[in-house]
Amino acid sequence: MAVPPSTYPRRLLPLFLGLFQGALLLFFALFVTYDEPSAQAEDTSLVANQVYSTFPFFQDIQVMLVVGLGLLLTFLPRYGFSALTHNFLLLSFSMQWALVLQGLLHHFHHGQIHLDLHKLLLSEFAAVTVLISVGAILGRASPCQLLVMATCEIPLYLASEWVIVTCLGVLDVGGTITIHVFSCYFGLGVSKALFRATQQPLHPKETPTTSSDLMSLVGTLILWVFWPSFVAVLCQPGDAQHRAILNTLLAMSASAITTVVASSLLDRDGKLSPGHLQNGSLAGGVAIGVLADTAVPPAAALALGSLSAVLCVLGFRFLTPLLARKLTLHDQCGIHNLHGLPGILGAAASVAAVLVAPTDSSGSRPSQLSPAGGNASAVLEGHWGSRGAGGQALCQAAGLAVAAGASLLAGLLTGSALRLPCLARPPERLCFEDSLYFKIHDQAESPGPDSSAEEGALALKEQV
């Protein structure tokens, strides 16, 4: 008996995930192992110290991504289940996929990949790019489309990061350029290609409610609290990590206050916009990442946080409507305002910081611009002592250009692939709707008066 075509999309998701997890299980069984137990007491103590110093940061990042970012995406009132679940699913999927690719590219020795906490952390950083990028098309894409997008984005991110960090020698400990700028313009490229030149009208289910905005604001608060761990986890323990935490806290506190000021001034009645608070308060954490572990003056961290918040709020008020009107560019979560504009500002600040840093009597830069603690002068020589301040500033600018340009082009190509009919893009009338993917019992039992006949039938079919 032939299977009705309407059931194909529902079978595609479990088939895709089942094949993926089965293939990874086989790969891990054949090629992935843990390091041999340390025989000497000194080695055992070193491993223990690394775990104790890294795992608390790792836990903070887990809370950020699973809880904080998940709740931030619940501003769509009828898409909360989907936003939280798809965010969680993409994190798990992307982290495993990145772990495999990173292992094959960088850690494959003698037929084995030795797994440790640091490699898992790096794979989670790669997964962050996917979680940010999907914000541009949130609610208008199917789970299969999101998974294909993640499959394409992870290897492209790893290639971009290798070019920016390894080849160009860009200093970016907090991922301002490599993560935030890349993921922003990748997501915008996907959105532009997926929806092409069609103007996306305001959907009736797209307007936030008081309860959905409140849940999203709770997500912002969680992200705000744990953001310093995200920036500082890859810094050298000691002075550099200490500076990263302080600079991030200063920048984010300034962005929170400035967001309130800017949002209030832009409103005729002086009232605050929940959307501005949800995003502008985090803009300082995006911008400061590229300079977080450098000994910039505390006033510079505050100024950078304030400027990033102003850019974010102005972007939501003026730039997003302009891009939608002139370029028909759809950006559901405003990732350009939170990740793109502050990311560009942070990259520009890093160029200025390199150029204005004072020199010592020998003409080289002092340790205050070194990206690591301890033997700062050695690190300095290895990174940009030979190319000079002008050369390093040029590399910082080139890294920004590579991250934005390459990600935008890759996003356009990926978005074109997502238009395949087999990936089950939801029809416009069923976008931003949890009942398309979940059993919503109250809606299934008593569809509301505003529900369409197709939605009611879909809910009853789900219940059966």
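Glycine too: its Cβ is placed from the backbone N, Cα and C atoms.
All annotation found in TrEMBL is predicted automatically rather than curated by experts.
Annotated in TrEMBL:
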TRANSMEM  12-34  transmembrane segment
DOMAIN    24-420  domain 'Ammonium transporter AmtB-like'
TRANSMEM  54-76  transmembrane segment
TRANSMEM  88-108  transmembrane segment
TRANSMEM  120-141  transmembrane segment
TRANSMEM  162-188  transmembrane segment
TRANSMEM  214-234  transmembrane segment
TRANSMEM  246-266  transmembrane segment
TRANSMEM  299-319  transmembrane segment
TRANSMEM  340-357  transmembrane segment
TRANSMEM  397-420  transmembrane segment
REGION    443-464  region 'Disordered'
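Annotation: stretch 397-420 has the most Cβ pairs under 8 Å to the transmembrane segment (162-188), among 88-108, 214-234, 299-319, 397-420. With pairs at least 6 apart in sequence, the transmembrane segment (54-76) and the transmembrane segment (120-141) have 3 or more Cβ pairs within the 8 Å limit; the two touch. Distant neighbours of the transmembrane segment (214-234): 54, 56-58, 60-61, 63-64, 67-75, 80, 121, 173-175, 208, 241, 244-245, 248-249, 252, 256, 274, 277-279, 281-282, 285, 288-289, 292-293; these residues of the same chain sit at least 6 beyond its ends, with a Cβ under 8 Å from one of its Cβ atoms.
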